[in-house]
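**Student:** Annotations for this protein, taken from Swiss-Prot, read as follows:
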SIGNAL    1-17  signal peptide
CARBOHYD  N69  N-linked glycosylation site
CARBOHYD  N107  N-linked glycosylation site
CARBOHYD  N126  N-linked glycosylation site
ACT_SITE  S177  active site, charge relay system
CARBOHYD  N240  N-linked glycosylation site
CARBOHYD  N244  N-linked glycosylation site
CARBOHYD  N257  N-linked glycosylation site
CARBOHYD  N271  N-linked glycosylation site
CARBOHYD  N319  N-linked glycosylation site
CARBOHYD  N347  N-linked glycosylation site
ACT_SITE  D451  active site, charge relay system
ACT_SITE  H479  active site, charge relay system
Amino acid sequence: MRWFLVLLLVALVSVEASRRSRLFKKLYQKASNYDAAPSNVQTVWYKNMKLDHFTWGDTRTFDMRVMWNNTFYKPGGPIFFYTGNEGGLESFVTATGMMFDLAPMFNASIIFAEHRFYGQTQPFGNQSYASLANVGYLTSEQALADYAELLTELKRDNNQFKMTFPAATQVISFGGSYGGMLSAWFRQKYPHIVKGAWAGSAPLIYMNGGGVDPGAFDHITSRTYIDNGCNRFILANAWNATLNLSSTDAGRQWLNNNTVFKLDPRTKIRNQTDGWNLNAYLREAIEYMAMVDYPYPTGFLEPLPAWPVTVACGYMNANGTSFSDKDLVKAVANAANIYYNYNRDPNFTYCIDFSICGDQGTGGLGGDELGWPWQECSEIIMAMCASGGSNDVFWNECGKDIYQTLQQGCVSIFKSMGWTPKNWNIDAVKTLYGYDLSGSSNLILTQGHLDPWSGGGYKVDQNNAARGIYVLEIPGSAHHLDLRQPNTCDPNTVTNARFQIIQILKCWVDPNCNTIPTISPLPSISIPNGDCKDVVGGYPWGQTTGATVSNSFILAILASLYAMF
């Protein structure tokens, strides 16, 4: 769910522009060879996918990329279907190891479908983002219809793939971040096609009317750092320190020639506006490390050590409040270097003007970098901002009307296409999918306690649980860690959550399972020590159903005793 992630496409020429650009937090993650989960996928193409599923007057089509692995599939087994999100499929294949780990147990086929307008699935080729008329077909609703058509085709005799799944084949959808949102909505919109959904770190209610505080993301980011030993004063005051230094000749001289970081020659500090640019650059690293605070080395966004927030706090944990401006900036910059330059490349430079260099924090996204901003400027409109003070360690950027500020950002990005506020629907998600789960069933919604995006997810509700809607907030877990390949360094909470989820999946695909599974509270967190290694085919990872039942039994006894007194 990226996150999160910030895609800063507008030059930060003022404080207000900085606020606008930071509103586009992109959930996409870029994988690397650090995240090489076992996959062995084959690429195939769905030919002649409908461009517009909701009219009979438009017969245009495009080709959609699909990756699959049928090594473990046996007739009668389910389809594990990944609802592709805002990026190329490769990232999601390598970062969703649980699907591959479970497939042999379930005799499952693994299918990843690429989201229209992302990766290699470009309906209009290199003109996909050339006009509003073209990019207007980039919607979650159209993408879900793509997935529904693909699965329908796969169950059709003599289909274009020359591989037919029985009509009774159960489909379980998987997804993380925006992909998790799609996975949950897929089950809600197409329950006749999808038996159930595992949606990891999906901010399903972070839109208008969902009841989420706009400051939730940065509140949780700040909590993750403070809980890991960071001195709140250092983080909260470093931003003004940057501005103070950028306001004087001596301060600018130091910022441009210090020994902690090198600035790109094109983006030297010349004024306080450049100081804001530096703040945005440093903050991006702080936020992203909270998202990907994994217990082992990864390369999900950039190459990072295990528990990167803990490592970062090693530079920001000095006691007290008596720090010079230079001390504060050095502390946060050293922390940011863990994200941007963990491999200590001596030639690495901070390019802090995103209009010149793009976003170094999520570089390599390809030619579809306008995709997520378009979706945030049309249907998936998330009001997010830091407010400082007691809420978080950043500056107050909320302003009087967060949506008006967001609109100004949309105009800046899409003005050449003629974007106006008429092109967005602030209530699109509420109208298309809704926030009330009373009519839904068979949803597994996981949230990582460390993950800033968890603030946009559902909370535990016993009424929902009675309908087979499971909400798990997992201590010690960052952005959809539960969907990644199991690892010896995973906290026991993550392992137990996976184990319980698998019992639910078993019921969903078993035609003889007529009882809604229940889940138990997760155990107190314990973090393993030692070498971190992927665990392939390790289910049940030392967990037992009996232990889970026993925990529930103990809780029931305690509740009864409490009632007696």
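Each residue, glycine too, has its Cβ placed from N, Cα and C.
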**Student:** Going by C-alpha distance, which of the recorded positions N126, N240, N244, H479 is nearest to N107 (N-linked glycosylation site)?
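**Tutor:** Given the candidates N126, N240, N244, H479, the nearest one is H479.
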**Student:** Please name which of the active-site residues listed here, S177, D451, H479, is nearest in space to N240 (N-linked glycosylation site), Cα against Cα.
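**Tutor:** Nearest in space to N240 (N-linked glycosylation site), counting only the active-site residues, is D451.
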**Student:** Quick check: in three-state DSSP terms, what is S177 (active site, charge relay system)?
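**Tutor:** Coil, per DSSP.
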**Student:** Tell me which of the glycosylation sites N69, N319, N347 ends up closest to D451 (active site, charge relay system) in space, Cα to Cα.
**Tutor:** N319
**Student:** Anything within 10 Å of S177 (active site, charge relay system)? Look among the recorded positions N257, N271, N319, H479, comparing CA atoms, and list what you find.
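**Tutor:** The recorded positions passing the 10 Å Cα test are H479.
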**Student:** Write down the Cα-Cα distance for N244 (N-linked glycosylation site) and N347 (N-linked glycosylation site), rounded and given in Å.
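**Tutor:** For N347 (N-linked glycosylation site) versus N244 (N-linked glycosylation site), the Cα atoms are 27 Å apart.
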**Student:** For N69 (N-linked glycosylation site), what is the secondary structure state per DSSP, taken as helix, strand or coil?
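**Tutor:** SS state of N69 (N-linked glycosylation site) = strand.
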**Student:** Taking every protein chain shown into account, which of the recorded positions N126, S177, N240, N271 has the largest tally of Cβ atoms within 10 Å of its Cβ?
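**Tutor:** The residue with the densest Cβ neighbourhood is S177.
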**Student:** Measuring Cα to Cα, how many angstrom lie between N257 (N-linked glycosylation site) and N319 (N-linked glycosylation site)?
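**Tutor:** Rounded to the nearest whole number, the Cα-Cα distance is 27 Å.
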**Student:** List the Cα distance (Å, whole number) between N244 (N-linked glycosylation site) and N319 (N-linked glycosylation site).
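**Tutor:** With the alpha carbons as reference points, the distance is 22 Å.
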